[in-house]
Amino acid sequence: AARSRSLFLWDDGHPMRFYLRPGLAKLRLAPLVLAGGGRLCRVQEPGAVLLAQPGEVAPDGAVSTEYVAECVKRNQRLPLEPFLLTARGRLAFTEAEDAAVLQAARGQGAVRVSGRALWIEMERSGLTRHSWQAMRDRYLRHLRPQLLEPPQTEDPTQIRGLFAAANREFESTESESDSSDVAELSTQDGVRRSPGQTASELKTGPEDSTFPDIQLQRQERPKSTCSSSVVGQVVKTMEHFMEKFAVDLLTVTQAFLKNSGDVEATSYFLQTGQRLDGYPVWSREDDLELQKDDEHVRNKLIAKFGAENVAKRIVFRES
């Protein structure tokens, strides 16, 4: 299509005025501006659009030179706001781009959002106009901290409500079962065994030939108490993890769910994305299997998680 000669005219018909400091960029863009009906100022005038190249130091309110090129490319006058630069010369994020980044990063986990692969995928998909480095920086420095709103109450009912909400999301989505690359783990007697070997020996031992749940029935199960001191400690622990790992409340709560409420295991998982003992984390599918009254299924879970972890999971899910 023929390039519009009214490309850089305001709605009232007046030409848009641009100021760009002398240089190669001005030589390149001047013909485009003039051909589209715009004007170039020799000095910065009131009401003139200040153009600057991305990456260069620019005052607030400056517009990226990409604005002119993009208007010509689309053959239409575009709004200026999406091309505003920050004081550091970076292309500013729009509200729509912030929302898109938040949506794409939701539920990805602390390890993945801190890495590179996720953001490179976003850049390749054209999620925003920004580089993957800019999107990651925007999320980690500006967007994610806004999500960090720790609980403001020590009301046991509200604390249980937080876990209930996280549990509903945990149960409504297919949780990944993060398999660890750790080939061995230390046992209490100092001998190093793989998770599979440990589970196998536990199954063949005379005292462990029955499912751990039977053994648990022989002793009094811990009652679920929620005193003010316990709740206060829970709140402090969750706030500490949120600050330490820069994650939101839901992420911390689900990490506890995946690690059966174990504080040390949860901390290690938030830092590395893996279990401290080398076993995988619990998923919704594993919990469903755990509810089945099937010895073969239970033995499979013992082989996968170890007898001790299965026993802890039973207590945790009932608490």
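Each Cβ is built from the backbone N, Cα and C atoms, and glycine gets one as well.
Those TrEMBL annotations? Automatic predictions, nothing curated.
Taken together, the residues in the domain 'BRCT' (12-83) have a mean pLDDT of 92 on the 0 to 100 scale. What TrEMBL records for 12-83 is domain 'BRCT'.
Under the heading domain 'TERF2-interacting telomeric protein 1 Myb', TrEMBL lists 93-146.
Summarising the annotation, TrEMBL assigns region 'Disordered' to 170-225.
Taken from TrEMBL, the feature compositional bias 'Acidic residues' covers 172-181.
What TrEMBL records for 242-318 is domain 'TRF2-interacting telomeric protein/Rap1 C-terminal'.
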DSSP-assigned states of the domain 'TRF2-interacting telomeric protein/Rap1 C-terminal' (242-318) in counts, ordered helix, strand, coil: 54 helix, 0 strand, 23 coil
Tally of residues which DSSP labels helix, strand or coil - the domain 'TERF2-interacting telomeric protein 1 Myb' (93-146): 40 helix, 0 strand, 14 coil
